[in-house]
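Data first, discussion second: the structure below is written as structure tokens.
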């Protein structure tokens with residue numbers, strides 16, 4: 001079944017897109033990430049103009065993260081206080097990222113910056129996560145499970161000034177590293193056109209030692225706020241949000257996210273970290289391969305304007 | 001003196017003879033398209049446009065020994081674009097060289113009654129912009145200095161042909177009678193909405209005899225048109241509406257899937 005997209009100006013297969021939305025929604029619900037870093041490249045491969053793909057994929061993220069936030073809220077698995085601090089830092093980072101994006105585009109090296117950023121970020125984050133999860137699985141198998149949480153285990157930066165209490169996360173920490181993290185995530189997200197959940201989740205887990213149960217809900221809250229703002233900004237600035245495409249992706253995404261979230265609850269913590277690490281690492285390696293291999297077609301066309 | 005007179009007379013004879021078979025006056029073209037305006041709706045998956053034509057001859061025109069040739073060129077809305085080339089820099093491949101093109105048709109179909117190489121020689125093809133190669137090689141396509149075998153022009157042609165946006169059909173024009181022809185060009189769904197120019201050129205023995213230009217429009221209509229207009233003119237409201245839609249869907253899903 002084909003339907004014509006009014007903004008992208010091309011027909012697409014509805015069933016394929018619903019399936020795609022469901023698959024990405026599942027991953028998103030499972031790990032508490034937005035899934036934009038999976039959705040955007042796939043849409044572009046399907047022939048949807050990159051501007052429309054980047055702008056429109058924020059809509060299913062808003063929908064699926066809204067579902068996750070509501071579910072987390074009911075289960076009391078959301079640290080609203082931590083979420084608000086993250087959102088505030090994130091907005092500053094997003095503005096900086098948008099400015100940097102424009103500057104690199106003027107310099108003509110945006111493509112390179114994006115690809116290199118994908119490769120380094122994804123392989124480093126993915127690699128670190130994989131190493132950690134393998135280590136903890138190994139320790140458990142040897143019968144010496146590492147204590148899940150240590151009171152005195154906090155890093156030094158948690159004791160910086162401006163300390164704030166986050167009772168739900170059992171955290172009493174300085175807001176400076178938290179704001180810094182949110183700023184970085186917002187910055188990277190704006191430059192790469194992604195929500196940044198894949199950085200936020202491991203950072204909250206490992207750097208902030210936020211309990212796993214709270215991480216997903218809180219990260220989804222931050223993603224909901226950022227992607228809503230991004231959606232409206234894209235609609236106003238680039239007029240690249242395709243409402244028909246958005247509806248199709250939402251329908252697939254919300255269903256997928258439900259099953260993903262349910263599967264996530266039944267997943268053991270180590271497996272959860274292991275799978276997320278593999279996913280992030282795989283995306284990073286894919287970009288690395290693309291960067292290193294001799295391209296089959298060295299030429300590409302970028303349309304600036306249609307009259 | 002005598003020799004000079006003979007030369008002048010000879011010249012005059014040639015000019016008079018040339019005027020007698022003057023291409024403009026002998027034949028003219030009547031062309032009609034299967035539509036002038038096509039509405040793109042939600043079920044649009046591409047279409048095809050048919051070009052009908054008749055050759056009208058006034059009494060003075062002698063019979064053309066080789067018969068007529070017709071070339072139909074359809075050009076879609078113009079695009080400004082950049083072609084980039086990846087090159088190895090150390091271990092990685094990145095975009096290095098690039099060339100900007102100012103006015104490239106987003107869609108290009110060249111249909112002819114015979115292979116173009118049989119219709120006219122290369123110089124004529126280049127002068128009249130007959131065929132994809134000649135159109136892409138035209139000097140006004142890009143600001144870069146014209147070079148033989150420009151790799152960027154070749155890449156543009158190759159990539160667009162692969163997407164079926166540039167097509168060339170050497171049997172795309174069929175003569176139904178010696179003076180009536182018809183031609184059908186498929187328009188893929190990826191061809192953008194906008195104004196399309198149709199140029200019909202009549203040739204005989206490699207010489208252009210008549211030219212006719214027509215145009216048709218591909219326009220969004222109904223819901224698609226309203227949505228596109230709304231997105232353009234009320235962009236903030238549109239963005240907020242899509243956001244609200246997403247939030248409501250998320251909430252609905254959480255209600256539907258609520259376990260307790």
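Cβ atoms here come from the backbone N, Cα and C positions, even for glycine.
TrEMBL annotations: computationally assigned, not manually curated.
TrEMBL has this to say about the protein:
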type	residues	note
TRANSMEM	A:12-39	transmembrane segment
TRANSMEM	A:51-73	transmembrane segment
TRANSMEM	A:80-100	transmembrane segment
TRANSMEM	A:112-131	transmembrane segment
TRANSMEM	A:171-201	transmembrane segment
TRANSMEM	A:213-233	transmembrane segment
TRANSMEM	A:240-259	transmembrane segment
TRANSMEM	A:271-289	transmembrane segment
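A contact between the transmembrane segment (A:80-100) and the transmembrane segment (A:12-39) is absent, since fewer than 3 of their C-beta pairs, 6 or more residues apart, lie under 8 Å. Across A:51-73, A:112-131, A:171-201, A:213-233, A:271-289, stretch A:51-73 shows the highest tally of CB pairs under 8 A with the transmembrane segment (A:240-259).
The stretches the transmembrane segment (A:12-39) and the transmembrane segment (A:171-201) meet in space: the count of Cβ pairs below 8 angstroms, excluding pairs fewer than 6 apart in sequence, reaches at least three. The transmembrane segment (A:112-131) shares more Cβ pairs under 8 Å with A:271-289 than with any other stretch in the list A:51-73, A:171-201, A:271-289. Sequence-remote contacts of a segment are chain residues at least 6 beyond its ends whose Cβ falls under 8 Å from one of its Cβ atoms, and for the transmembrane segment (A:213-233) they are 31-34, 36, 55, 58-59, 61-62, 65-66, 68-69, 71-73, 75, 77-80, 82-83, 86-87, 90-91, 94, 168-169, 182, 185-186, 189-190, 195-197, 200-201, 204-205, 241, 264. Using a Cβ-Cβ cut-off under 8 Å and counting only residues 6 or more beyond its ends in the same chain, the transmembrane segment (A:271-289) has close neighbours at 27, 30-31, 33, 37-38, 115, 118-127, 129-130, 132-134, 136-137, 198, 201-202, 205, 212, 264. If you look at the transmembrane segment (A:51-73), the same-chain residues 6 or more away from its ends with a CB under 8 A from one of its CBs are 5, 7-8, 21, 24-25, 28-29, 32, 34-36, 39-40, 43-44, 193, 195, 216-218, 220-221, 223-224, 227-228, 230-231, 234-235, 238, 240-242, 245-246, 249-250, 252-254, 256-258, 261. Residues 28, 31-37, 40, 54, 61, 82, 85-98, 100-101, 104, 113-114, 117-118, 121-122, 125, 154, 157-165, 207-210, 215-216, 219-220, 222-223, 226-227, 230, 276, 279-280 of the same chain lie 6 or more positions beyond the ends of the transmembrane segment (A:171-201) yet place their CB under 8 Å from a CB of it.
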